[in-house]
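If you check Swiss-Prot, you get these features:
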DOMAIN    5-71  domain 'J'
ZN_FING   127-205  zinc finger
REPEAT    140-147  repeat 'CXXCXGXG motif'
BINDING   Cys140, Cys143, Cys193, Cys196  Zn(2+) 1 binding site
REPEAT    157-164  repeat 'CXXCXGXG motif'
BINDING   Cys157, Cys160, Cys179, Cys182  Zn(2+) 2 binding site
REPEAT    179-186  repeat 'CXXCXGXG motif'
REPEAT    193-200  repeat 'CXXCXGXG motif'
Amino acid sequence: MSQKDYYEILGVAKNADAKQIKKAYKRLAMKHHPDRVKNDKASAEKKFKEIQKAYAILSDVQKRQAYDQFGHVGGNANVGSAGGNPFGGGFGDIFGDIFGGGSQQSNNRGSDLRYDLEIDLKKAAQGSTVKIRIPKNETCDTCSGIGAKSGTNVKTCSICSGVGQVQTQQGFFTVQRPCGTCSGTGQKIEFPCGTCRGQGLVRKQKTLSVKIPAGVDTGNRIRLSGEGEAGTIGSSSGDLYVQVHVKKHAIFEREDNDLYCEVPIDFATAALGGSIEVPTLENKLKIKVPSGTQTGKLFRLRDKGISHLQRDGSGDLICQVKIETPVNLNKKQQDLLQKFSSSCGKKHHPESDSFFDKMKSFFG
């Protein structure tokens, strides 16, 4: 028996846009829903199932393209239910596509993929765009994912009637399984496509541009919708998840959005004060060091850290000075330091004198 044209079922033209198709479906679904029809429930259920199936095909870009090219065989792959209650979860489930929610996605949706991306701290801090290459299954261009040789027919599986699923009754429960005859495809291909050998999918290397937002850190992941494995005909592709790993930096340590670094300074600069250069992710900056600076003193440079991921502004750069003790002194330098040390009194080393005074009182 010939099947009705899906466009005729919904009462729309073949060039109707998505908005027109959805409007027609909503109107017809409301009119013919079995819960709203008082008489002849069986006919209402049949009509409603017909409307629902037509909308499932024409509202999906890939399914509609396959239907336009191959007719009912191309569009029907993995759509609908085989026997049992055609209304699944009831009124709310059926109208899920109109009012939100709805049934679980087809099992033939493409798998999600993961790509581990290592970037340096500067790219993580400031944002960047990087190119990656991933191996993935994509829809065969030769047969548009149908799996059949061009110009040949694809037969509907006689066991599952093209649905790809069969239902069996076990006591009070109905169990649904993939059809063993067609391996869940809903179709029988007599003359396979020479490119994909009837699979509808081909393995390719694809280059993608990934936008890295400023402020990402190790553990963050970026989702690229539809860039996972391609689904079988009529089913959506999976997603690609890019897992970010930030390399350890030679100078900076990161804590949230702040950067820390240790800056060595010489004894004279620490004692007398002066200017020193400190690194940032972009360039070098000069900061003033006051006289009498001690090891461990912190200098905070506002907004010179990592950009915030979800708001404006950046963290800070915190530089900790470390006074470097001179080494490899010659005799003259040693004598000069000795004279300098002898000339210093308690007021020049207040912390040392305070410490030794405490020691004396402690030991009596």
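Including glycine, each Cβ sits where the backbone N, Cα and C put it.
Annotated features, which come from Swiss-Prot, shown on the structure.
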| residue | record | Cβ contacts under 8 Å, 6 or more apart |
| --- | --- | --- |
| Cys140 | Zn(2+) 1 binding site | Gly147, Cys193, Thr195, Cys196, Gln199, Gly200, Leu201, Val202 |
| Cys143 | Zn(2+) 1 binding site | Lys149, Ser150, Cys193, Thr195, Cys196, Gly200 |
| Cys157 | Zn(2+) 2 binding site | Gly164, Cys179, Thr181, Cys182, Thr185, Gly186, Gln187, Lys188 |
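The binding-site residues examined here are Cys179, Cys193; by Cβ neighbour count within 10 Å, the least packed of them is Cys179. Listed in sequence order, the residues Asp141, Thr142, Ser144, Gly145, Ile146, Gly147, Ala148, Pro192, Gly194, Thr195, Arg197, Gly198, Gln199, Gly200, Leu201, Val202 complete the 8 Å Cβ shell around the Zn(2+) 1 site centroid, once Cys140, Cys143, Cys193, Cys196 themselves are left out. When the repeat 'CXXCXGXG motif' (157-164) is classified with DSSP, helix, strand and coil residues number 0 helix, 0 strand, 8 coil. Under the DSSP three-state reduction, Cys182 (Zn(2+) 2 binding site) is assigned to coil, being neither helix nor strand. Secondary structure counts, DSSP: the repeat 'CXXCXGXG motif' (193-200) has 0 helix, 0 strand, 8 coil. Residue with the densest Cβ environment among the binding-site residues Cys160, Cys182, Cys196: Cys160, by other Cβ atoms within 10 Å. When pLDDT is averaged over the repeat 'CXXCXGXG motif' (157-164), the result is 82.
Taking H, G and I as helix, E and B as strand and the rest as coil, DSSP gives the zinc finger (127-205) the counts 0 helix, 37 strand, 42 coil.
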